[in-house]
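*Asks:* Swiss-Prot lists Gly641, Pro642, Asn643, Met644, Ser645, Gly646, Lys647, Ser648 with the feature ATP binding site. The compositional bias 'Polar residues' annotation in Swiss-Prot covers 836-845. Here Swiss-Prot flags 833-867 as region 'Disordered'.
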Amino acid sequence: MDPALLTPMMQHYVELKRQYPHAILLYRLGDFYEMFFQDAQLVSRELELVLTGREAGAIGRVPMCGIPYHAFDRYAAQLVAKGYALAVCDQMEPADQAKGLVRREVTRVITPGTVIEEELLQARQNNYLAAIVRLRGSKQTVWGLAYADISTGEFWVCQGEGQEQLEQELARLQPAEILLPTEEGLGLGLMRPGDPQAPLGLPGQYTYTLRPAEPFELATARENLLQTYGLRSLEGLGCEGLPLAIRAAGGLLHYLEETQKNLVQPSPQGGHPLLRPPRTYQLTDYLILDTQTRRNLELTQTIREGAFVGSLLWVLDRSRTAMGGRTLRRWLLQPLRDPEQIRLRQDTIQELLESPSLRTRLGSLLDSLYDLERLANRVASGTANPRELVALGSSLGKLPQLAELVAEAQTPLLQSLQQVDPALVDLGHRIEHTLLPSPPPVLTEGGLIRPGVDAELDRLRQQVEQDRHWIAQLEKTERERTGIPTLKVGFNKAFGYYLSISRAKAQQVPKEYIRKQTLTNEERFITPELKEKEARILTAQTEINQREYELFVQLRQEAGSQAAAIRQVAQTLAAVDALFGLAEVAVQQGYTRPVITADRRLIIEEGRHPVVEKSLPQGLFVPNSVRLGSPHGPDLIVLTGPNMSGKSTYLRQIGLIQILAQMGSFVPARRAELGLCDRVFTRIGAVDDLATGQSTFMVEMNETANILNHAGERSLVLLDEIGRGTATFDGLSIAWAVAEYLATQVRARTIFATHYHELNQLETLLPNVANFQVVVKELRDRIIFLHQVQPGGADRSYGIEVGRMAGLPQPVIERAKQVLALVEQHSRIGLGLRSQGKSRPSSNNPKKRFKQESNSRGIPDCDAKAGDQLSLIPTSLYPEEL
């Protein structure tokens, strides 16, 4: 397009659009942000707005779409949520003061990962911007990851190996945007979720931004980090020997510098104005929960509806602040492996439990706090509005009360609140003494500053008040002087102040009145003196608004200079709030403190599923116990029982209790002793993956393979109905082999729920396997689910009885019984492998032992041979002492 064919304003628009080709350009024209050309068509379609046109010069009309500036946040939130980037071009001078074309500049670029506006964020979830650098070798991908939330100041870096680990970290973080250097093989630009051109080997559900490679180069990235944080070495950050993590962090910082020009100004105190120095972590520092485990255990949302209600977080989150809620969510998705850190959290919960009065008063104070984490970055970026600054002042003003409340605290976290930074208290008082308690949200309309703060402001206000009083008295004096009882003083934005007189009295108007407007029932007049007073009021009001704005900006800058200290206090308060919430849950639900051990034990007495228990009337949930991990119990439990008996609930509650314990929480059990886990694996239910063309069984096998390849003896494995997605004998064979491998090779603590009752035979073959069942009570015409887990293996699944309960027609039920009888009669595997006893055999040779028992029970030779084949486990797999 030839710029010469465009109007000057359109030429400027096109020039800016070329600078930001991958963003929607919102161009401020008066009271609207306008979009043109393809951007207009896109926004019109996405937001269902009217598409109009505008004369652009010699090329004629071009597509145009606009949004009111006062509704910017609402529309911007929708576009950002859809994965778009926005370049916001604002007017830098009033239109009536411009000499020629109004000066406009792009003040910021809003991308999914660089949002700081409250309206565009979820209060209790982080909004992460991530950067990845990968080196794909012949063996394994080595990667560096940096991620930050510029609304809270968090900044983390990590380096690892293996594509699977990287994808699991991304799944935990759910970043709003991921930055990649162009060395990944793609051109520059933004790729929205679902884009078929997604970077090779990375999940397609994220927004990717492809960036120039230079800021990600090691020397450039390293220098950026050193200069930004005023360092001579990166050793203090813990990432000196992690080159890929350094590269990712440097690329992330450069992106913020480029897109947030007006927000990322050098801090007077040094460091980055929005991000604290990056913290380095290792994946092995935390309990690893893969995507399937987080989904199957419904940690943050339910499987069916994807809802928050019904998740574990729904039960746990009793925090009083948004920052406490975000902290709790992070802890839940990243449980600890450091027993000392776990103990510190437990100690704080214990102290709060043992002091109900402290807990009550602390809850009230936390209730009065605002989101200090995000408020700190709002003032640091210079974007906090008057109400947000009032909220900051109010929250800082509570710090002395918090310090007094925890004066006798015994735990380190609560004790840290005893030391209050006087500068923050002074700042809080200054804000409260400067700003009115309920200021308007718009910064330029006045009504911000309290009387007595500024002498010049007080003088101007007094002048306006006197002039308005004169105008108010004018109505009375003019009525008396003219003898017109209907005379009134009015005001509107178009004409200013005027004298209103009914048409019937128009003949009595004094000669000095100047007619301004004639309406159906009235005449409107002005006088020179009235206009003089009006001019004085308007001039003074403009000066008042400008002075209030200046005072507010000064105060906001003062608060911004304390942003780092505010973030530090906010981090402590968020942790206290999260633990306060866990203490509240422990009291309300009767949770107990688990004992964390260094061995492999997993002992839970009368454990309960926290979500199911919460959803049932009090006292109706049936608790169950478990002992796992030799020598305290078996390494693998084969769990059998009918459909609907509660096997899946039992599996999930064990996993949830382990996770709760390692995040530092108390647990729903009468007693628990738990050895630290490195990973929790689950395979509970499966569905077709149509997107990749995988059947239910293939999905199941992929998940099972992942467990067998990555689990170790410090892992917890929870498996439900392995092998059910294929033919019966194939499924049984796979289930047998998987259970056998877990018990003999992996030695992970495992619960293996199954309807293949033949697996009960493993108890007689392997000394570290035990059978347990969920029992039912049989009546003449129905069964009652007792939901009790007891030693021993079940020999029936009661599937037909469950079908009757579900409403299957009676002829179907009767025919099913006939077929079942035939199948059981002719199934050699069923006859050959069904366990007839619970005692452990004395023979040390499992193959010989099975043969002897088969013959002694009179099992036909063919069946014994089939059983012998299934039990051909190499003797080397059986340690003498398990």
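Quick reminder: no glycine exception, Cβ is built from N, Cα and C everywhere.
Can you walk me through where each of these features ends up in the structure?
*Replies:* Long-range Cβ proximity for Gly646 (ATP binding site), meaning a same-chain Cβ under 8 A and a gap of 6 or more residues, is found for Val622, Val774, Phe785, His787, Val789.
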*Asks:* Tally every other Cβ atom lying within 10 Å of the Cβ atom of Ser645 (ATP binding site).
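*Replies:* There are 25 such Cβ atoms around Ser645 (ATP binding site).
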*Asks:* Please work out the number of neighbouring Cβ atoms within 10 Å of the Cβ of Ser648 (ATP binding site), leaving out its own Cβ.
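*Replies:* Its Cβ shell of radius 10 Å holds 19 other Cβ atoms.
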*Asks:* Please list, in sequence order, every residue of the chain apart from Gly641, Pro642, Asn643, Met644, Ser645, Gly646, Lys647, Ser648 whose Cβ lies within 8 Å of the Cβ centroid of the ATP site.
*Replies:* Val774, Phe785
*Asks:* Give me the non-local Cβ neighbours of Lys647 (ATP binding site): same chain, 6+ apart in sequence, Cβ-Cβ under 8 Å, ordered along the sequence.
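*Replies:* Sequence-distant Cβ neighbours: Leu639, Thr640, Gly641, Asp720, Ala753, Val774.
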*Asks:* Note down the number of other Cβ atoms within 10 Å of the Cβ of Gly641 (ATP binding site), including every protein chain shown.
*Replies:* 28
*Asks:* Under 8 Å between C-beta atoms and at least six apart in sequence, can you list the same-chain neighbours of Asn643 (ATP binding site), or say none if there are none?
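*Replies:* For Asn643 (ATP binding site), the qualifying residues are His755, Ser797, Tyr798, Gly799, Val802.
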*Asks:* Among all the protein chains here, how many other CB atoms are within 10 A of the CB of Met644 (ATP binding site)?
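*Replies:* Its Cβ shell of radius 10 Å holds 18 other Cβ atoms.
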*Asks:* Counting across all protein chains present, how many other Cβ atoms fall within 10 Å of the Cβ of Pro642 (ATP binding site)?
*Replies:* 21
